[in-house]
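Trainee: What follows is a single structure, and I will ask about it in a moment.
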Amino acid sequence: MIPDRLESNLRQGFRESLLPKLGLVLLASILIMAIFAPVLATHNPTRTGYLDENGNSYPPLGTSYTTEIGQDGEFVEVEVESTSDHLLGTNDIGQDVFSRLVYGARTSMLVGLLGTGLAVLIGVPFGLISGYYGGRVDDAMMRIADTMLAFPSLVLALALIGVFGSAGFGIPDPLTRFGLIDGMPESTMLPGTVTVVVALVTWVWFARVARGEAMSVRNEEYVTAARSMGASNWTILFKHVLPNSLTPVIVLATIQVAAVILLESSLSFLGFSGTTLSWGYDISRGQGYQRTSWWISMVPGLGIVFAVIAVNLLGDWLRDALDPNIEGEGGGA
Amino acid sequence: MSIGKFLVKRLLQGVLVIWGVITIMFALRAVSPGDPANLIVGPAADPEIRDQVREQYGLNEPIYVQYVDYVQGMVTGDFGYSFQSSREVTTMVLERVPATLELAIAATIIAVVIAVPLGVISASRRNEPADYGATLFSLLGISTPNFWLGLMLILLFAVFLQDPMETYLGFSFPQGRRTVGFGEAVITLVTTGYAGDLLTWVRHITLPAITLGTYFTAMITRLTRSGMIDEFGKPYVTATEAKGIPYVLIRYKHVLRNTMIPIITVLGLQLGTLIGGAVITETVFNWPGLGDRLIQALNARDWPLMQGIIVFIALGFVLINIAVDALYATLDPRVTNE
C-alpha cells in the first residue's frame, strides 16, 4: 500500500523527531481510555447526585471555592471542599467529571473514526470515477462537489440535523454486559445521525484528492497495459488506480479525524448530537456555572484538545513523510 | 485565457453552484418530516385556520410549483416570511450581516497581523527557541475548539481578571451582549466627536475576535513557515544573497511575496471554517450575528429563516471564493492557463 521509498521516509521521520512519538503516546492513551472506560471510570458517568449536603458540586481534588447558600432566610457564605472520591470534581447535577471525561473519549473516537471512514467510502470512489473518466462525467461530478463546498461544513451539518433530527443507538459494551464490571452503563450511545452527517459534509475533500490521483495515473503505462489486456474500467479503477492513490488518502484521513472530532464536539456543544455523554455537551453544561464551577467546562475541553493534538501530530508526521501537498479542511470549529 | 474570460467562467460556475445550494435546501425542506402549518400556528389550531395558513404560505401547491416559486423568490431577493415571527426573512438576514462581518473581519485582521510575522520569524530561525514557541502555539491553535477557547477567555478575562483589570487598567472586557455596532459607533464619532461608543465596541469585540481568529492565526503561521522554508531553498534566493541584497529585504520582499500565493488559496478554501467558526463563536458570546440567528431558527424549526440564512452564507462564500480566484489570477498568471 505504501511504497518502500516512502516507508523509509516514515521511519526516518519517526526516529528523528519527538513529535510523532508524543502523538502516538497521546493517541494510545486516549484509545485505551475509550476502550477500557468501564474499568478506568471511578463512577457511573450518567449517575447524578454526587453533591455535598447543600447541593453544591465538588471541586477538583485539592481545590475549594466559596458560594452562597440560603440558611434561615439569609444568604450565608460557605466553603466547598474537594473530596478524594471525585478526582476532577462533579458537575452541576452531580455527575463525576473524571468518569465523564473517560467515557467522552468513546464518543469522540467513535464518531471521529467511523465518520472519517464513511467519508472515505463515499469520497474516494466518487473522486476516482470523476478523475478516471474525465470529460463531461468529471465536469458534472465536480459541480456537485463545488456545491457541497459552498456550504461551510458546520452549517450544512446543522441543516441536515435540522431535517433528520439526531438519533443515536446503543452499542453493547462487552465489559459490562457480561458482568465483568458492575455499576457502569451496559451500552455506549453512538450518535448515528451525527456520524453520517459528518461524513456527508466532509467526503468531498477525499473526492478531490482521489480525483487528482486518478487523473495523474490514468495515462500511466501500467493502466494502458491493463486496458490492452482487456481489463474493464471497473477492474482498472479498483485494482490498479485505487491502490496507487491510497497514500494521500491515508494522510488526508488522519488530518480529517481531527477535523471530525472538532465538528462532533461543536455539534454536541450546540446540543444537536443526540448523546449527552460527550465532551462538547459537557462543555456546554458548564457554561452557566463559570463563575464558581470553572472545571465543568475546562476538563472536557482539555480532553478534546489532547485528542486533536494527538491526531494532528500523527497527521503532520504522515504528511511530511508521504505527501507534502495536501489540503484538508481543518477544524471546522 | 484572459483574466476577464476566466472570471466570466468562474461566475457562471458560481451561479450553477448557488442554484445547486438553493435546490438542496428546498429538497431538505421537502423531505423534512412534520407539517409546517403546525410550526406556524401550533398543532392545536383550528383545521380551518391551518388550511388558511397553508394557502397563505403556498404549502398546498404541488411540489414543483413550490420549487419554481421558491427559486423565483430567491432570485428576486424574496426569501419568504419567517414561520415564527412572520417577519420578512430578507430583513431578518440583512440586519444580522454587519455584526457577523465585523467579527469575521476583525478575526482575519488579528490572524494576518500576528501570523505572518510569526511565520517569517519561525522560518528564519529554524530550530531555535522562537521557532519551537511558534510551532507549539500553532499546534495548540489548530487543535483547540473555538467555543471552548471562548469560554476559557471569558473565564480568564471576564471572571478572574475583571476586578484587577478595572482597578489597574481602568477597563475590562464585558460579558453581555454587544450594545453598539461598528457603523453606529463610527457615525457617532464623526458627527459628535464622541469616541466612547467606539471604545465600547472594541472592548466587546476583543474576546470574540481572538476566539475566532486563533485557529486562523495558527494555520497561517504554519503555512507561512513551511512556505518560506520551501522558498529559501530555491536558486533565486541564493542569487539575491550573492548580489548582496540585505536579508531582511530578501525575506520580506521576495520570499514572503512568493509564499503568499499558496496562503491565499488555502485561506479561500478555509473561509467555510471561518464562517462555521463564526456561527459557534456568536453563540458563545451572544454576538448578534447570522450564526446566532441560525441557531435560533434551527431550534424553532423555522425553515424559511434557516434556508434564507444558509443560502445567504453560501452565496457570500461563493462570491468570496471568486474574488480570491481573481486575486490569485492577478498574482500568478499561470492560473488562467489551466
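Any Cβ shown, glycine's included, is placed from N, Cα and C.
For reference, TrEMBL lists these features for the protein:
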TRANSMEM  B:12-31  transmembrane segment
DOMAIN    B:97-328  domain 'ABC transmembrane type-1'
TRANSMEM  B:103-124  transmembrane segment
TRANSMEM  B:136-161  transmembrane segment
TRANSMEM  B:201-220  transmembrane segment
TRANSMEM  B:261-285  transmembrane segment
TRANSMEM  B:305-324  transmembrane segment
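Can you walk me through where each of these features ends up in the structure?
Mentor: Taking Cβ pairs closer than 8 Å, the transmembrane segment (B:12-31) reaches residues 63, 66-67, 70-71, 74, 303, 307, 310-311, 314-315, 318-319, 321-322 in its own chain, all 6 or more past its ends.
Tertiary neighbourhood of the transmembrane segment (B:136-161): same-chain residues 118, 172-175, 207-208, 210-212, 214-215, 217-219, 221-222, 225, 277, 280-281, 283-285, selected by CB-CB distance under 8 Å and a gap of 6+ residues from either end.
Same-chain residues lying 6+ beyond the ends of the transmembrane segment (B:201-220) with a Cβ under 8 Å from its Cβ atoms: 102-104, 106-112, 114-116, 118-119, 137-142, 144, 146, 149-150, 153-154, 157-158, 171-174, 178-182, 185, 263, 266-267, 270, 273-274, 277-278, 281-282, 284-285, 287.
Same-chain residues lying 6 or more positions outside the transmembrane segment (B:261-285) and placing a CB less than 8 Å from one of its CB atoms are 99-100, 103-104, 107-108, 146-147, 150-151, 154, 207-208, 211-212, 215-216, 219-220, 223-224, 227, 291-292, 294-295, 313, 316-317, 320-321, 324-325, 327-328, 331-332.
Proximity of distant same-chain residues to the transmembrane segment (B:305-324), defined by a Cβ-Cβ separation under 8 Å and at least 6 residues beyond the stretch ends, is recorded for 7, 10-11, 14, 17-18, 21-22, 25-26, 29, 74, 79-80, 82-84, 89-90, 92-93, 97, 264-265, 267-268, 271-272, 275, 290, 293-294, 297-298.
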Trainee: In the same chain, which residue numbers or ranges, 6 or more beyond the ends of the transmembrane segment (B:103-124), come under 8 angstroms Cβ to Cβ?
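Mentor: Result: 130-131, 134-135, 137, 205, 208-210, 212-213, 216-229, 232, 251-252, 256, 274-275, 277-278, 281-282, 287, 289.
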